[in-house]
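Here the structure is laid out as structure tokens; the discussion comes afterwards.
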Amino acid sequence: LLLLTAALVLGGTAATSCPAPCVCDNLRAHVLCLNANLTAIPGTIQELTKKLNFRGNSITVVPVGAFLATPYLTHLDLQHCKVERLEEGAFRGLGRLLYLNLASNGIALLYQESLDGLSSLRQLILEGNRIEEIQPGAFGHLGSLTVLDLRANALVYLPDMVFQGLQALKWLRLSHNALHVLGSEAFTALPALRRLSLDHNELQALPGEALARLEAATRLDLGHNPITYIAEEALAMASLKHLFLDHAALQDVAPEAFAGSPQLRTLDLRENQLRGLPPLAGAGGLARVSLAGNPLLCSCLLRPFHIWLARARVQAEGSCAAPPALRGRPLDSLRPPEMRCGHPLPRPSPPTPSEQPRVAGPGRCPRGCTCSSDFHHGSCANGDLREIPRGFPGDTRLLDLRRNTFRTVPPAAFPGLRHLVSLHLQSCGIQELRPGALRGLQSLLYLYLADNHLSTLSAATFEGAPQLAYLDLDHNAFTHLPTGAFQLLPNLISLHLQHNAIGELEGGALAGAGKLRWLYLAGNTIGHIAPAALAPATMLEKLHLEDNCLPVVPTVALWGLPALSELKLSRNPIRRMEYGAFQPVAPSLQHLYLDKMGLEWISPGAFTGLGPKIRSLHLESNKMSNIPDMRNFTGLEILNLRDVPFHCDCQLLPLHRWISKLNLHVGATCESPPEARGLKVKLSTTFQTCPGWGRGKDGGGSFYKTKAASKPSKKKRSGKSPARGFKKSRA
């Protein structure tokens, strides 16, 4: 009776309250709007809805109060929705929400009020965005959160107190970013944290001071960082039990490196450059050390460590690389007399860790501005200022000068701010950055110059800011990439030049940007890319070229980019796609965007070289007459074929069978014949009259045909599909 009552309450207005492209399960209070091409949050969703899934739409902005009409939500999924901005207060009213998934979007910045109102939230998934900076206070209202996933973003720096308010957090996932600077108080106020994942970053030294704040953490993942040395008492984590430092660049470990972590049980040092280890003093609880993949020299100098292993009853994994007589011998099989002298172990001088800068005194705050001594922030935003103010405290880390009217930034405009990390100069009407404007900003990592009137830059502009990693020049007036401007930026990782007026990428434009990973050039007028234009950026991972004027895939320009994993060419006037279009980046490419291009023809070999690594492929809203064979795309997580004019006859049978086996929402719909119009390709019954349907023959072929290629001659048909080579499968 209770279930029936609930169904009546929820279902009474189902016909009028369930948005047209969505599916509503009123009994369970679930609403699914998957791949429905929505551009905004529908306003007609049932008030009592508990689970709402918008995966695969195009909701670029989540506005203030977007979910006020659904206050009973417990689960909200906004994955792959092309979200770029969360307005402050976007989730207000969702006090019951437990799970929020915002993975695989384009969010770049988390403001202090972006996540306001989520007091009950337990899991927040922000994986796979392009978050470069988090302002302290962004998580201040998430007191119930237990899991925070920030993997695969573009974080370079974690400021002090950035996670303040997360008293219940148990697992913080920061893997696959570009972190190389952590504030000493970055992890303060995380009393419940048990696991911290910092693997696959750019940390060059163990951030011991920041990690010492984590008194309850039991597992720490630091693998795949370029850490070369662990100094005495570098790690003081009272509760730590499991430490992973695999696949780093370790050359030496001090004897008392882990003396401050007495509960350490497992130590993973696989795949480093260690030729030996000293006895690890103070690590009395250690039970297992993994040294596999290190070039261990089993000479007499390793004997003390070997004896210590036996006395401390520590299990060790690893084998000798030298001398030749012991090569390949497991450590636990050696006897001390075998470890003879005569093979000295060269111990490189440990690199001196860069000293933490002393923080200057608080000092005064310029008139009309606000300065926070707790967060080391200064702000003069919306101050109607004509000149850049001076006199900020010397320990200022973030300076917000947005929405003023400076016109020009003079040389040495920011004196005394050698600890400044993040500088915001958006929407200031800036027309010129004078040479030396950033002089003295030796710690600067983030520079925001979007929404100004800049049209040119010289290398001297960035003199004195060698650590700069993130540069935002979106919405300016550049007509070409400022050639040579990046020569003094050896650590540049992310470059934004979207929505300018750049017409061509010339050779040498990126000279000096050898560490560049993310290049955003959407919304320009680029019609040509010189063959060597991208060559200096050998570490490039993301290349966004959507909304430009490219007539062809810039195949030649893609050579020499062995790490490219994401390529966006959406909304370029590319009508034909030739053989091997993506072959230069085929070994690394994972995400490919080819939607809304008016694409009319794809060579059967256009995807040559691509295969299991491809995770997402966007081909929606095109006009092509053929779809290449994609059966070897076995790693697909997203395949979008919406708004492609498929003709559902026997030539499309292989595609029908292939997508029917995929556990994906593909969106492929029949355009013709009339009896199949509007039906999903995988559900159309028109294929049941095809030869071989009942015997499970699919005929095979090198590509799948759509409407424009759907009228072969009867002579070619003769009872069989003209395409050959597909494997047999059950109908």
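Start at 1 and count along the chain as shown; that gives each residue its number.
Glycine too: its Cβ is placed from the backbone N, Cα and C atoms.
Features of the protein shown, as given by TrEMBL:
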type: COMPBIAS; residues: 329-341; note: compositional bias 'Basic and acidic residues'
type: COMPBIAS; residues: 712-731; note: compositional bias 'Basic residues'
type: DOMAIN; residues: 17-51; note: domain 'LRRNT'
type: DOMAIN; residues: 294-342; note: domain 'LRRCT'
type: DOMAIN; residues: 364-398; note: domain 'LRRNT'
type: DOMAIN; residues: 645-691; note: domain 'LRRCT'
type: REGION; residues: 321-362; note: region 'Disordered'
type: REGION; residues: 694-731; note: region 'Disordered'
type: SIGNAL; residues: 1-15; note: signal peptide
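For the domain 'LRRCT' (645-691), the number of residues in each DSSP class (helix H, G, I; strand E, B; coil) is 19 helix, 7 strand, 21 coil. When Cβ-Cβ distances under 8 Å to the domain 'LRRNT' (17-51) are tallied for each of 294-342, 364-398, 645-691, the top count falls to 645-691.
The average pLDDT computed over the domain 'LRRNT' (364-398) stands at 88.
Per DSSP, the domain 'LRRNT' (364-398) is made up of 0 helix, 7 strand, 28 coil.
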